[in-house]
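Participant: If you look up TrEMBL, you'll see 12-33, 39-61, 73-90, 96-116, 128-148, 154-176, 196-220, 232-250, 262-280, 286-307, 319-343, 349-366 marked as transmembrane segment.
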Amino acid sequence: MRKRLKVLSFSLFDFGQTVLSALIFSLVFPLYITKHVDVKVYSFFYGFTFFLSFLIALYLGYLAESKKLVKPFFMMSTFCVLLLGLFMYMAYPNHVYLLILYYLLAVANQQALVFYNSLLLSLENRGLASGLGVAFGYIGSAITLLFFSKSLKIPEVFLIPSVLFFLLSIPASFVIENPMDIKTLKVFEVVKDRSFMYFFLSFLCVSEIANLLTGMMGVYLREVYGLSDIEIYKVVGLSALGGVVGGMFWGMLSQRLSARSLYPISFILWTVFLTLLFLVPKHMLLPLGLFAGFSLSHLWAISRIYILEAFETSPVIRFSFYSLAERVSSTFGYITWSLLLLITGSFKLSALLMCVFPILGFLLYTKGSRT
């Protein structure tokens with residue numbers, strides 16, 4: 001019973017974190033603040049914030065590992081998110097204060113994610129917890145799009161998701177034990193770990209496609225297939241359903257098979273997806289959307305389990321690199337996609353050419369496995 005409670009409490013955080021990210025970071029605040037601040041200024045400092053967050057995570061990660069403070073730092077980070085959401089609510093409509101608080105909120109959220117992933121160390125059913133967490137995350141994103149995005153207005157949208165995020169982090173704070181058996185390395189020793197660096201680069205390659213898909217799916221479907229907004233929502237909705245089903249499927253499968261054997265499947269899934277995206281006719285887009293969500297859930301559910309399984313030392317520091325890869329890949333993916341689109345002038349051909357990244361990721365992963 002307690003094992004199930006731990007899995008559920010871990011998954012609830014994923015739900016709250018997805019609602020927070022989807023509403024504040026992806027939808028409402030960027031649309032609001034760019035009416036008052038130049039987009040280039042906003043984007044530059046937002047990118048710098050994630051680099052700063054990475055450096056902070058490295059320092060706090062080493063401190064948490066050496067002092068056995070993973071859970072206390074997780075609790076502190078989630079409480080900071082709550083406070084910063086409250087301060088944003090109170091600071092409205094002062095755009096300068098809001099922007100500063102928003103960047104601080106992004107830092108606190110990233111720290112919470114790093115320590116949250118590290119709590120998997122205390123779970124026996126790590127694969128199930130990771131997969132179910134991904135499934136809960138997709139449920140959270142669906143609820144956000146269907147209900148919260150329409151009903152919550154500024155400034156309430158800064159406060160309510162932050163409160164929900166904090167409340168849903170409480171079960172994990174109380175139920176999951178603080179990881180104590182952690183072998184600590186210094187940051188430069190982790191960087192010198194060639195096997196991990198090859199994994200980091202391979203993950204960067206596939207997460208680039210995953211983040212690009214998440215951000216550009218609607219635009220691609222509209223430009224290539226001429227889909228209406230309602231038709232696009234159907235494809236996106238099936239993608240979310242694929243994420244829920246996939247999260248549970250990969251989570252349960254990882255209880256039987258090792259993450260080492262499951263992680264390489266990601267390179268196959270994304271190569272197949274990009275090829276199908278080039279080939280499929282319009283009437284096959286709904287099944288393709290389902291497959292997209294299934295592929296996304298595999299990447300997010302299995303990759304964090306792989307880190308714990310393949311590398312026995314400094315998991316918190318490694319999760320800092322993991323978090324960095326997610327952010328860098330998003331930026332690099334958009335830049336690469338834009339260049340390919342500029343050169344080819346074709347959405348479909350540009351998507352097909354992106355196959356080079358999962359293939360490159362596989363080669364890097366294979367190289368790292370032999371190191």
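Glycine is no exception: its Cβ is also placed from the backbone N, Cα and C atoms.
Note that TrEMBL annotation is computational and uncurated.
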Participant: Any residues 6+ beyond the ends of the transmembrane segment (196-220) with a Cβ under 8 Å from its own?
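Facilitator: Same-chain residues near the transmembrane segment (196-220) but 6 or more away: 190, 232, 235-236, 239, 266-267, 270, 273-274, 277, 292, 295-296, 299-300, 303, 306-307, 310-311, 318, 321-322, 325-326, 328-330, 332-334, 336-337, 347, 351, 354, 357-358, 360-362, 364-365, 367-369, 371.
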Participant: For the transmembrane segment (232-250) and the transmembrane segment (39-61), does the number of C-beta pairs under 8 Å, pairs 6 or more apart in sequence, reach 3 or more?
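Facilitator: No, the stretches stay apart by this measure.
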Participant: Pairs 6 or more apart in sequence, C-beta under 8 angstroms, 3 or more of them: is that satisfied by the transmembrane segment (286-307) and the transmembrane segment (262-280)?
Facilitator: yes
Participant: As a test: from 39-61, 154-176, 262-280, 349-366, pick the stretch that has the greatest number of Cβ pairs under 8 Å with the transmembrane segment (12-33).
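Facilitator: Ranking 39-61, 154-176, 262-280, 349-366 by Cβ pairs under 8 Å to the transmembrane segment (12-33) puts 154-176 first.
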Participant: Any residues 6+ beyond the ends of the transmembrane segment (154-176) with a Cβ under 8 Å from its own?
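Facilitator: Those are 2, 5-6, 8-10, 12-13, 15-17, 19-20, 23-24, 28-29, 32, 71, 74-75, 78-79, 81-82, 84-86, 88-89, 92-93, 105, 112, 116, 119, 122-123, 148, in sequence order.
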Participant: Given the transmembrane segment (262-280), which of the listed stretches 39-61, 96-116, 349-366 has the most Cβ pairs that are under 8 Å apart from it?
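Facilitator: Most Cβ pairs under 8 Å with the transmembrane segment (262-280) come from 349-366.
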Participant: In terms of Cβ proximity under 8 Å, which residues at least six beyond the ends of the transmembrane segment (96-116) contact it?
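Facilitator: 10, 13, 17, 20-21, 24-25, 29, 33, 37, 42, 45-46, 49-50, 52-54, 56-57, 60-61, 64, 70-71, 73-74, 77-78, 80-81, 84-85, 87-88, 162, 169, 172, 316, 319-320, 322-323.
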